[in-house]
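What follows is a short report on a single structure.
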Ligand SMILES: NC(=O)N[C@@H](CC(=O)O)C(=O)O
Ligand SMILES: [Zn+2]
Ligand SMILES: [Zn+2]
């Protein structure tokens, strides 16, 4: 499908509300919404059949493994996974090999994503050189590059040194960019592979206490306050983190936070089998944390859902639990899980899904062409969701080059059926259009 195609989405319920409407897209923009529209001659029709039309999803936290581990994911395969998941923009984390701590790498990631053309792949720059936590990376140069880096993170590692974090926050506010923190006090997680609690104790697994996350969330909230900067918390996983973010907001601190689909759905009871697919950072917590994360997301204390899509090779996952690399696939299953954990129980309506999957992430990172209203004159970044489509996840059939999905064999009730990136149909009938 070329960018110049005219597309008619026939009979979609915008934000899942009201009567079905037709949405006409010309030249990458929405040009008309209604029924019995005047149509141009050449128009490619997508039969929506009353499905839910949402603004294209934005993922603030994706790991594509290019450069360095192209055997586990490439910008191309990850873009396909993203489009299938309904994403029109993703932020590719900096923990590649080499690390994305220079403009050469960040520009490459952006350019390669544009070449593939399925989703905007925005590079995340490293906060510190080599993610080593010692010396600030050249943030300004990366921000000024073609990749126009808007977010910096040492994700995979915590910026643990409070002085380095303070400098990064000060620097980020003068550059107008976002620092995203992987909140993990490393002194509290030496050797940790699982949530510190009764399950890990019984299974003999070394525990990662909630305080390892929460102490950094609290510290960084205070550092952001003093620097007059914004800070974003990656993959919030505990009830205490929700409380701290709420407290900090109440103080007027510019803190935002994301939660992953896996932390919304799974808890540490999954570890009983010692299957490495369940190892992730931060670890799966307890059912009470899962409930608090859902409630925090419903109330807007947690701003958005971010996948932390983390592909890993079979040999790095199918091994002893404590040797398995942490991380789970997320892009292709995120919407289904948000529907199951938030929409079905009545915690979010479809407007809420648009907020947490598209509008808030775009706002947080300052993307002006994403998370926009579905309205005439707006860029046609759109996702069509079938809210009554039962499907079973088959990990080997996912577009990702890796298969480490903890959701394998699970059945969900909703699915992305079509995605449009600036009017270009990237997914149709649940299949990537190349
Ligand atoms: N989440 C994970 O368990 N792993 C991530 C790194 C990270 O997000 O911390 C990865 O890169 O594999
Ligand atoms: Zn992380
Ligand atoms: Zn991550």
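Glycine residues also receive a Cβ, built from the backbone N, Cα and C atoms like all the rest.
Any TrEMBL annotation is an automated prediction that lacks curation.
Computed from a predicted structure; not experimentally measured.
When 263, 312 are compared with the substrate site residues 63, 64, 65, 95, 281, 326, 327 in TrEMBL, the one appearing in that site is 312.
Checking the binding-site residues 64, 65, 95, 312, 326 against ligand 3, none has a C-beta less than 6 Å from an atom of that molecule. Only 308, of the recorded positions 235, 281, 308, 326, have a C-alpha within 10 angstroms of the C-alpha of residue 63 (Zn(2+) 1 binding site). Within 10 Å of the C-beta of residue 61 (Zn(2+) 1 binding site) we count 28 further C-beta atoms, all protein chains included. Listed in sequence order, the recorded positions among 63, 65, 308, 326 whose CB lies under 6 angstroms from an atom of ligand 1 come out as 63, 308, 326.
Filtering 63, 65, 95, 312, 326, 327 by Cβ distance to ligand 2 (under 6 A) retains none of these binding-site residues.
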